[in-house]
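According to TrEMBL, the protein carries these features:
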DOMAIN    11-242  domain 'NAD-dependent epimerase/dehydratase'
BINDING   15-21, 110-113, 145, 168-171, 184  NADP(+) binding site
SITE      112  site 'Important for catalytic activity'
SITE      114  site 'Important for catalytic activity'
ACT_SITE  141  active site, proton donor/acceptor
BINDING   192, 207, 214, 274  substrate binding site
Ligand SMILES: NC(=O)C1=CN([C@@H]2O[C@H](COP(=O)(O)OP(=O)(O)OC[C@H]3O[C@@H](n4cnc5c(N)ncnc54)[C@H](OP(=O)(O)O)[C@@H]3O)[C@@H](O)[C@H]2O)C=CC1
Ligand SMILES: C[C@H]1O[C@H](OP(=O)(O)OP(=O)(O)OC[C@H]2O[C@@H](n3cnc4c(=O)[nH]c(N)nc43)[C@H](O)[C@@H]2O)[C@@H](O)[C@@H](O)C1=O
């Protein structure tokens, strides 16, 4: 029987300052874990193999949540693919190798549903991986994510390492990145709609046609799923984490418009990419394991807008105000 995380165990959360990392630290503390190890990228650049090896030898974590990555929305991914490929390959390879070398008890690797083929049958099943071409706008990032899954699975096969991979759908929530050019759709629209309401702007730009469908999972549900998987799953292969419900960008923009209380018009900018037309996850595997999401999109949007309004001017990505 494999050991399960105990309250005093040394737990390293890589990427603790990010959307997911922040939520993981919140969830771990709420569950009574007191020995949580963190490092910001300025203290420990995970692309630097020597620095990562020294850190692991020094801190000797027993559990690792790999939530550090170069992450961005459709614009960042499609305009800086080399950075997304290189950074994410290096981060994953260095952390997974160092975890193996010191004998980490268990590691959970965060992937993304953009690993699946653009034209895969929907909802996306885990066995669709590598069955077709990837979505062009985030192919570089997706290849790095797929490589990380393969590393975890081959370290399990060759060395017996208990390294697992979770594939979250699109995430949102407190602590997100609100940079207008680098962020994902929900934080970008929240910021744009709040600004437009304050400035009484007649229209707000929504990128693309508004027709793509997306699934949105609140980051606190994801953190809950990560603790669940760390405690209960020791199998190779990606495990989807999502709500199993999707809606169009137009519909979600209308929802955010209502939550924010903006009365102007949405203007759809066809010069911006739509990206993949749909990517809803098949969540039957994680449901069968006993986990379900709890936060509805309505509740999640309401608490995220409230969080943003309470932290406005001090959230990640606002420092460089670039109109999107
Ligand atoms: N957001 C989303 O919609 C989704 C995210 N995911 C996955 O979840 C994980 C976390 O994403 P998310 O929290 O949104 O990302 P964020 O950008 O919010 O956070 C990423 C974190 O990674 C750290 N990081 C980046 N580069 C380095 C580096 N070279 N060395 C050390 N740390 C680094 C950053 O640290 P610092 O702040 O100190 O610079 C940052 O806090 C990723 O693996 C992502 O692929 C999956 C699906 C959807
Ligand atoms: C999360 C997952 O998936 C990500 O891909 P994505 O889902 O295509 O990312 P996105 O959230 O940036 O866009 C979703 C849709 O929304 C539309 N859209 C409208 N208006 C804005 C807008 O203002 N900003 C953004 N970013 N998109 C907008 C946008 O045009 C697109 O049609 C990967 O980057 C990758 O990070 C990954 O892991």
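Any Cβ shown, glycine's included, is placed from N, Cα and C.
Positions of the features from TrEMBL, shown on the structure.
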residue	record	contacts (Cβ under 8 Å, 6+ apart)
15	NADP(+) binding site	21, 66, 67, 68, 69
18	NADP(+) binding site	67, 68, 71, 175, 177
112	NADP(+) binding site	141, 142, 145, 167, 168
114	site 'Important for catalytic activity'	134, 135, 138, 141, 142, 145, 276, 279
214	substrate binding site	169, 170, 185, 246, 247, 248, 249, 252, 278, 279
274	substrate binding site	208, 209, 211, 212
Site with most surrounding Cβ atoms, counting all protein chains shown within 10 Å, from the recorded positions 141, 207:
141
How many Å lie between the Cα of residue 171 (NADP(+) binding site) and the Cα of residue 192 (substrate binding site)?
18
Going through the binding-site residues 15, 18, 21, 168, 171 in sequence order, which have a CB under 6 Å from an atom of ligand 2?
none
So if I take the binding-site residues (171, 192, 274) and measure from each Cβ to the nearest atom of ligand 1, which come out below 6 Å?
171
Segment-level pLDDT (mean, integer) for the domain 'NAD-dependent epimerase/dehydratase' (11-242):
97
Please state whether DSSP places residue 274 (substrate binding site) in a helix, a strand or coil.
coil
Three-state secondary structure, residue 168 (NADP(+) binding site) (per DSSP):
strand
Other C-beta atoms that fall within 10 angstroms of the C-beta of residue 21 (NADP(+) binding site):
24
Looking only at 192, 207, 214, 274, the residues listed as binding substrate, what is the longest Cα to Cα distance in Å?
19
